[in-house]
Amino acid sequence: MKVKTAVAIAGLTLKNPVLTASGTVGFGEEYAPYLDLAGLGALVVKTVTLKPRAGNPPPRITETPAGVINAVGLQNPGVEALVRDILPRLARFDVPVIVSIAGETVDEYARLAGRLDGVPGIAALEVNISCPNVKAGGIAFGTEPAMTAAVVRQVRENTRLPVIAKLSPNVTDIRTIALAAAGAGADALSLINTLSAMVIDVERRRPLLGNVFGGLSGPAVRPVAVRAVWQVYQAVELPLIGMGGIMTARDALEFILAGARAVAVGTANLVNPGAAAAVAADLEQYLTEQGIRDINELVGAAHRTGG
């Protein structure tokens, strides 16, 4: 039986619902020897900023039970290097490229969106709103509805590309943030970003990470992420991209049944460079084995069975 794995997200038709999560495969080309990028629904590259960033002081990453905490600090070569050097090289992989952007002010987000508008090789923008707003005392944009709306609105006004707002879980009620992003013009939402976390080195009696705090990802956050997708699916009508601890196709199915139209594989890529392709292949096999002709039949299905 031929099954349909294609999904529609923010005006894009993706061959399957499996994406890479930003920051876990670099700009994609680093993983090309190990991961068939053309077999993915889309490649989400690591976050870029207006100017190059050196990132946080080391140590930047540490393992925890069932997860990883990272504090890389958005190290990247800047948007001009992306446009000039990286995007032209990605064209050979035949996969939609979604560019993640971040700024320290609303104006920086607007300028990034404007700079990338019309650049060949970009399918959509993912707006990383978990960054601190330097004009508001370092409060992350994505933790407050008005700041979320301000960023998304400026990005929307400065680009014709589809806009995907990436939501932070470090909030009281993620539904209010989702509604703010939707009201400001987001075409889709991705969730969740990492959970704020830290580890203390008990021998040295000091925080282990150079930045003190980091972002927790991996299987430890999956139940939190599934809950968030479930709630946001009930609150807004936008397509959702679910992420957070997806290691297998079974994990991905949890997100899809909770309401995600697509999923992003992140931390698993650090363990197995071919993880995202394996999830995509195993999802297709699941559909065949279960006699399900179209993966879209499963989107939000758990809500229709008494949830």
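Glycine too: its Cβ is placed from the backbone N, Cα and C atoms.
Among the features that Swiss-Prot reports, active site, nucleophile is placed at CYS131. Residues near CYS131 (active site, nucleophile) in space but far in sequence (CB under 8 A, at least 6 apart, same chain), listed by position: LEU74, ALA102, GLY103, GLU104, ALA140, PHE141.
For the recorded site, THR267 (FMN binding site), the DSSP three-state label reads coil. A simple way to gauge crowding: the CB of THR267 (FMN binding site) has 26 other CB atoms within 10 angstroms, across all the protein chains here. Taken from Swiss-Prot, the feature FMN binding site applies to SER22, LYS46, THR47, ASN128, LYS166, ILE192, GLY218, GLY244, GLY245, GLY266, THR267, supported by similarity to another entry.
Annotation source Swiss-Prot lists substrate binding site at LYS46, ASN70, ALA71, VAL72, GLY73, LEU74, ASN128, ASN193, THR194. The number of other CB atoms found within 10 A of the CB of GLY73 (substrate binding site), across every protein chain shown, is 15. The secondary structure of GLY73 (substrate binding site), as reduced to three states from DSSP, is coil rather than helix or strand.
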Going by Cα-Cα distance, pick out whichever of the binding-site residues THR47, LYS166, GLY218, GLY245, THR267 is nearest to ASN128 (substrate binding site).
LYS166
Would you mind checking how many other C-beta atoms are within 10 angstroms of the C-beta on SER22 (FMN binding site)?
26
List the Cα distance (Å, whole number) between GLY218 (FMN binding site) and THR194 (substrate binding site).
9
